[in-house]
Amino acid sequence: MLETKTERIVTPARNILGSLRLPGDKSISHRYALLSALASGTTKITNFSTGADCASSLGCAAALGAAVTRRDDGTIEILGSGEFKASSTPLDCGNSGSTMRMLTGLLAATPHTYTLIGDASLSRRPMERVRKPISQMGAEITLTDGHAPVTIRGGKLKAIDYTTPVPSAQVKTAVLFAGLQAEGTTTVHESVRTRDHGELALRAFGAHVDRSADSVSIAGSQALTAIEAAIPGDISSAAFFLCAAALFPGSNLVFDSLGLNPTRATLLDVLTALGAHIGVLNLEEKHGELVGMVQVNAPVNGLTGTTISGALSAQLIDELPVLAAIAPYTQNGIRIRDAKELRVKESDRIALVANNLRAMGAHVEEFEDGLDVPGGQQLHGAEINSGGDHRIAMAFSVAALKASGDTVIQGAESAAISFPEFYELLDQVAER
Ligand code: S3P
């Protein structure tokens, strides 16, 4: 949770119109920042995420011996050292679960002792899920009651065959990052195919990675080489604008150079199923990542309704708060199940979404693993408690666009964790 507390008033909109080019994908930025620190040579990245989370990954990379330079044109250059240096001070992961979990894997083969710390929110999040496989590989990992600080005493690693108990791309990536440096071939099996940016990033940096329908394997002792890359726009940031545009008949919003990796683009299918018109153009591939132009127009008669459960919930995990926040405005509502993971994100997102929807006058039913949000409800402006969680602040800014009266977002500054430009861009595309 951030220390400062700022409020932001979001007024209703009449329409959403315009075109946007968004800062780089958060998941890809983390992986490129961390791998470039281990690679030999200088990695040059354009459109790196502007969020505080990815700055935490870059800060850790620098603390581990990488030379990180920000050029005037926004390009980030990272000169890797091929190996990590010792750090006498703890490595600060801020609010970023991705940084903490992936670094645990990446540092596991280095013969030093590191301590990873985070803010109050990150220090409440479960770390046992990463301690277990990485310690099976041979590193000594210590937690406090399953939480950060994470202490890593690295050493010689052996490959493992691991099935993730909960679908998690962060855990999968941590195991692959450790596997890259282990003896033998490491395989991760998963019941739901989670985002595959870790696999694609490893390949981009020159590692050989094998994939089957439900597993990924990596041989150990592979060296990485620096890359030059332009990171695609973040589709999870676009999600707030896609959902906003889907609410207003007559809307027209275009995104240029948006990341469209199939393991991340499920929201486009859900919005289409709800009746929105989505067009995709100019598809190309960059370092294995699909990028394209996306256009969204709302249906004339409003969005219908849907159920999101099973594998869909895991694939849409970051988009569920905004889908729930717009659900009252649909005709038949949105039902979310199998999304218990939402309770251990930057906040308990199920509880906060339910409470904030109720504050805006909605009827909503909360379940341990999801929510039922009936449709056909008009919301009114209210005071929103973001809980210091970026996705809650942004999701309810979108709900506010169609509410009657103004909405006050408490802790609005938390949007900067992933998307500092959010409010400015919202004002740019919202017709008032
Ligand atoms: C991420 C994976 C997801 C997601 C997070 C980023 C990643 O978390 O919620 O915002 O970059 O791998 P889990 O892997 O824990 O589900």
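All residue numbers here begin at 1 and follow the chain in the order shown.
Keep in mind that glycine also has a Cβ here, set from the backbone N, Cα and C atoms.
Taken from TrEMBL, the feature domain 'Enolpyruvate transferase' covers 11-425.
Secondary structure at Gly97 (phosphoenolpyruvate binding site), as computed by DSSP, is helix. A sphere of 10 angstroms centred on the C-beta of Gly97 (phosphoenolpyruvate binding site) encloses 22 other C-beta atoms. As annotated by TrEMBL, phosphoenolpyruvate binding site applies to Lys26, Gly97, Arg125, Gln170, Arg349, Arg391.
For the recorded site, Ser168 (3-phosphoshikimate binding site), the DSSP three-state label reads coil. Note: Ser168 (3-phosphoshikimate binding site) has non-local neighbours Arg101, Arg129, Thr194, Glu341, i.e. same-chain residues 6+ apart with C-beta under 8 A of its own C-beta. Sequence annotations record features per position, and here TrEMBL assigns 3-phosphoshikimate binding site to Lys26, Ser27, Arg31, Ser168, Gln170, Asp318, Lys345.
In the three-state DSSP scheme, Asp318 (3-phosphoshikimate binding site) is classed as coil. Counting only same-chain residues six or more apart in sequence, the Cβ atoms lying under 8 angstroms from the Cβ of Asp318 (3-phosphoshikimate binding site) belong to Ser236, Ala239, Arg391. What TrEMBL records for Asp318 is active site, proton acceptor.
In this structure, Ser27 are the binding-site residues from Ser27, Arg125, Arg349 whose C-beta falls under 6 Å of some atom of ligand 1.
The least crowded of the binding-site residues Lys26, Arg391, judged by other CB atoms within 10 A of its own CB, is Lys26.
Looking at Arg31 (3-phosphoshikimate binding site) and Gln170 (phosphoenolpyruvate binding site), their Cα atoms lie 10 Å from each other.
In sequence order, Gly97, Arg125, Ile317, Asp389, Arg391 are the residues near Lys345 (3-phosphoshikimate binding site), counting only same-chain partners six or more apart with C-beta under 8 A. Using a 10 Å Cβ-Cβ cutoff, Arg349 (phosphoenolpyruvate binding site) registers 25 neighbours. The candidate set comprises the binding-site residues Arg31, Arg125. Of these, Arg31 has the most other Cβ atoms within 10 Å.
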